[in-house]
Amino acid sequence: MIRIQDVSKDFKGKLVLDDISMDIRDGELTVIIGPSGCGKTTTLKMINRLTPVSKGKIFIDDVDIEDIDKVQLRRRMGYVIQQGGLFPHMTIRQNIEIIEELEGKPKEEIMENTVKLMKMVDMDPDEYLDRYPTELSGGQQQRIGVIRAMANDPEIILFDEPFSALDPLTRIALQDELVKLQSQVGKTMIFVTHDMDEAIKIADKICIMKDGHILQYDIPEEILRNPADDYVANFVGVNRIWDSPEYIKVEDFMIRSPITCSGELNAKRCVTRMKNHHIDTLLVTDTEDKLLGMVGRKALFKSRNPLSRADDIMSSVSYTAHPQDSIVDVLKMIDEAEVNNVPVVDDDGKLVGLLTNSNLVSTLSKQFLLENQEVTEEQEDRKTPAENEISEESEVSLS
Ligand SMILES: Nc1ncnc2c1ncn2[C@@H]1O[C@H](COP(=O)(O)OP(=O)(O)O)[C@@H](O)[C@H]1O
Ligand SMILES: [Mg+2]
């Protein structure tokens, strides 16, 4: 684990990092993101002692990095920078192998390792190893930059905006490769970027910095769902969560108080309740809110006996969702099962909400409405909470 503890940094009296603390767990890919000048590069440089801290301490596995020999420390960390940082006068092979050579690793092992690394990033060793960096495209150079940082199998790899000079397609391809590599090698990675799309795509955890402070340090899902303040919310972007629909949970958009009835309610009263609430389905629950079944308009019509009980005419519920399911799961289920209403049931089998086709549609459409600003904030504010959740086509509605 890397522990940054109460670290401050000033350059000639100018405070650029103000008492930051964070723990980075082994095997995690942590992204540090923030506007230019907020202290990202300085943070990386302090971790491998390219620049000293002014105050506070940094530990690796509980050892103060000041107590580790600088050269030893840096060999335990790969470093990838924006322009690849490859040595222009060395071939690709020499670039990759230089640290291993310095470490005196047997030649054969080194060569074997180089071929393995080239294959990891889908580059043909025979074709590229004898070329010079300028004979490679920007994307290829960055691939080499990444595998060079991994060549001597360091515990930690630091990345300082490694993909920011690349064209968007190459960049996306390299992000995919990095995620794949990370899952294969499981190294501790700290990745600096100022691109939120990139952060959300690759990060296990995201640290958002501004003016030498950490504003929020959490898993991407939490940052998207619960930004710490307006700055983070703006930085993340209002509609960002829609780019990651797997983070939108059923509990975020379900109707929270669906209309229910007990099993003994008779058909006549079921009809009255449905009429009063402008709905055509009642959810039948027991005294502990456990979901027993559903009574729909058709079942009532078929029963014809006004005194028959809800639990006699109800149908069983074959599809339910869990509050933590994602909107993606639910859409799939609705699609496959061709159901209109999906009750939401918690771990104890208690009914906690309801999804209807129309509230799904209105949830999904919010994305487009917000993006096109068709609904102004004022208009949104004027809506009552009920209006936000009930729509006329709603087959099942709430009180
Ligand atoms: N060697 C230095 N001397 C003086 N100021 C520096 C030095 N390195 C960085 N800074 C200042 O520290 C702040 C943070 O820089 P940096 O960590 O490079 O930001 P980032 O990587 O987030 O863009 C900036 O205001 C920058 O000008
Ligand atoms: Mg920087």
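Note that Cβ sites are derived from N, Cα and C of the backbone, with glycine treated the same way.
Automatic prediction, not curation, is the source of TrEMBL annotations.
These come from TrEMBL:
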COMPBIAS  389-399  compositional bias 'Acidic residues'
DOMAIN    2-236  domain 'ABC transporter'
DOMAIN    254-313  domain 'CBS'
DOMAIN    314-371  domain 'CBS'
REGION    373-399  region 'Disordered'
Legend entry - Counts by DSSP class (helix H/G/I, strand E/B, coil) across the domain 'CBS' (254-313): 22 helix, 18 strand, 20 coil
Inset, instruction - Determine how many residues of the domain 'CBS' (314-371) DSSP places in helix, in strand and in coil. - result: 26 helix, 15 strand, 17 coil
Inset, instruction - Restricting to the domain 'CBS' (314-371), report the mean pLDDT as a whole number. - result: 82
